Amino acid sequence: MSWQWRRRQWPSPLLLILIVLHLVSSSSAIDFLYNSFSSVTNRTDVILIEDSRVESTVISLINDSDPLSFGRVFYPQKLTIIPDPTRNPTRLSSFSTSFVFSILPDISTSPGFGLCFVLSNSTSPPNAISSQYFGLFTNATVRFNAPLLAVEFDTGRNSEVNDIDDNHVGIDLNNIESTTSVTAGYYDSVNGSFVRFNMRNGNNVRAWIDFDGPNFQINVSVAPVGVLRPRRPTLTFRDPVIANYVSADMYAGFSASKTNWNEARRILAWSLSDTGALREINTTNLPVFFLENSSSSLSTGAIAGIVIGCVVFVALIGFGGYLIWKKLMREEEEEEIEEWELEFWPHRFSYEELAAATEVFSNDRLLGSGGFGKVYRGILSNNSEIAVKCVNHDSKQGLREFMAEISSMGRLQHKNLVQMRGWCRRKNELMLVYDYMPNGSLNQWIFDNPKEPMPWRRRRQVINDVAEGLNYLHHGWDQVVIHRDIKSSNILLDSEMRGRLGDFGLAKLYEHGGAPNTTRVVGTLGYLAPELASASAPTEASDVYSFGVVVLEVVSGRRPIEYAEEEDMVLVDWVRDLYGGGRVVDAADERVRSECETMEEVELLLKLGLACCHPDPAKRPNMREIVSLLLGSPQEDLLTGLTPAAAAADSTAAHA
């Protein structure tokens, strides 16, 4: 009898296990709703990093007063993504989240940036370039397994990472280049049609993300606030590879970055749950940062009277207003050309001419965008093709100085430079007009497994072309032109696949025998000469260094920096080490090695690239010597000092 009584008092072992599991599960569960951020505090309710901050009821990710800004915000408690990482590392758990965001640029035609929802095992992801790539990633397009996964809401098009357009949603697996992406829009729940919309007009946008761990699937839906959640997701990604980019516990949050262009990015509300159904966001009273809807207490009759009165008023003054408007437009056009502009290179296009050529700067004509601005393809009335680059300057003085240099460069004439045809100014926006290069940029033919790899003879020719163009800039014109941003993406290919050096937005001019008056470091990581890190002024030698990196890129088929989980690969150091070991031809692209009957020319160019990248700028060849060597003239003195032993010493000096 007593045994039976005790049995009734104690639960079974199975029940105890279930209770413990339930308690553990409950203690780690996350289920929250922020319909406003007015009362949140840093580190307690959310983790605010860098420039992210609470502004009234919303979280602002970016500081518009800082030209290079980034911000992140995370929920302080980590999500459990892999419940049992030791015994079953590929069994993932699930969660759902929904949030409302707003993206509003200062200038509608400026480059866009966007924001990301992110899962990361760290609030400071390693190797992230803070002011670019959403403040999360590097500029490498080679993926490596690490716990970082993002859903990007991208409002800029970067052709270097194969963005599909400047208004899309994508899945990023520890890489700025999306694994999959789709134009922003939603599927109508009634007729099933796909409705596109603009994420970059300041209007509130609602996003829903379902992370289905057991099925390795991510569903993303996005729609303007006011649209019910679509039945069909905007984007679905299903692949077991997801398991490679998550860890046992991960922070959930948002990240964004910017360069010189202002684009406010705000999180207005956020809900997340890993226990089941989401708590619903109330979007009724959320702030609106563009075209605010104003409520009215006026009666229908009063509103009708106001409308009728307005119609009568417009009818009375319409014709006169039209005449005044036409007069003001003519005066504005006349005032648009200021006296100081007449000093400069005179080929000035009208805005109407460029608008017609680009279909009013249509997204369908967009070639690319970046920190410099947007580039559009255009067709003039004479059927000639052009590329129009839109650049914004905040001050008239800065615009005038920029115009002075651009006008000088407009007089540059060489077959291996992208020819500038003219310009147009509209207020503080400058539009530069160039010849259109139909075959894109060199990097598109070298990296990322292009459909038609560039054969060796064309690679060799492009190196020659760029060398001759750069030699002209350094030695062949009235002034010395320092390009300062030589890289494979700034080398464009014409209809005959001949290389032309383009993008002179960072270039500086000075007299022969003089020196540039700037020490500001600009350019692209991986191409910058080491002496620039010590505030040295850019010179012909720093351009030669960048050219040497391009030579090594073209011959090896590898990027200047390839980021990896354990150690980054710096191209110059890698080739120098191979040369120091007597194996420099091993650096050549496999496609090149299989094509060439002899490796002598390949070895010569690799050695030339190393000579151009010498750590000591005084020991680098100049462009005259380089062109002479490439054209076949004996220049043994350029390379005689470049022995394997010397390469090893250079490598030591470079890392000192």
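Note that Cβ sites are derived from N, Cα and C of the backbone, with glycine treated the same way.
If you look up Swiss-Prot, you'll see 30-304 marked as topological domain 'Extracellular'. The annotation region 'Legume-lectin like' is assigned in Swiss-Prot to 30-273 on the grounds of sequence analysis. Positions annotated as N-linked glycosylation site by Swiss-Prot: N42, N63, N121, N139, N191, N219, N282, N293. Positions annotated as transmembrane segment by Swiss-Prot, on the basis of sequence analysis: 305-325.
Sequence features, as recorded in Swiss-Prot, placed on the structure.
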residue	record	DSSP class
N42	N-linked glycosylation site	strand
N63	N-linked glycosylation site	coil
N121	N-linked glycosylation site	coil
N191	N-linked glycosylation site	coil
N219	N-linked glycosylation site	strand
N282	N-linked glycosylation site	coil
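With respect to their backbone Cα atoms, N63 (N-linked glycosylation site) and N42 (N-linked glycosylation site) stand 17 Å from each other.
Ranking the glycosylation sites N42, N219 by C-beta neighbours within 10 Å puts N219 at the top.
Comparing CA positions across the glycosylation sites N121, N191, N219, the one lying closest to N282 (N-linked glycosylation site) turns out to be N219. Of all Cβ atoms in the protein chains displayed, 7 besides its own lie within 10 Å of the Cβ of N191 (N-linked glycosylation site). In this structure the alpha carbons, written CA, of N121 (N-linked glycosylation site) and N191 (N-linked glycosylation site) are 41 Å apart. The glycosylation sites in question are N63, N121, N282, and the one with the fewest Cβ neighbours inside 10 Å is N282.
A separation of roughly 20 Å, to the nearest angstrom, links the Cα atoms of N219 (N-linked glycosylation site) and N191 (N-linked glycosylation site). N191 (N-linked glycosylation site) sits 45 Å from N42 (N-linked glycosylation site), taking the Cα positions as reference.
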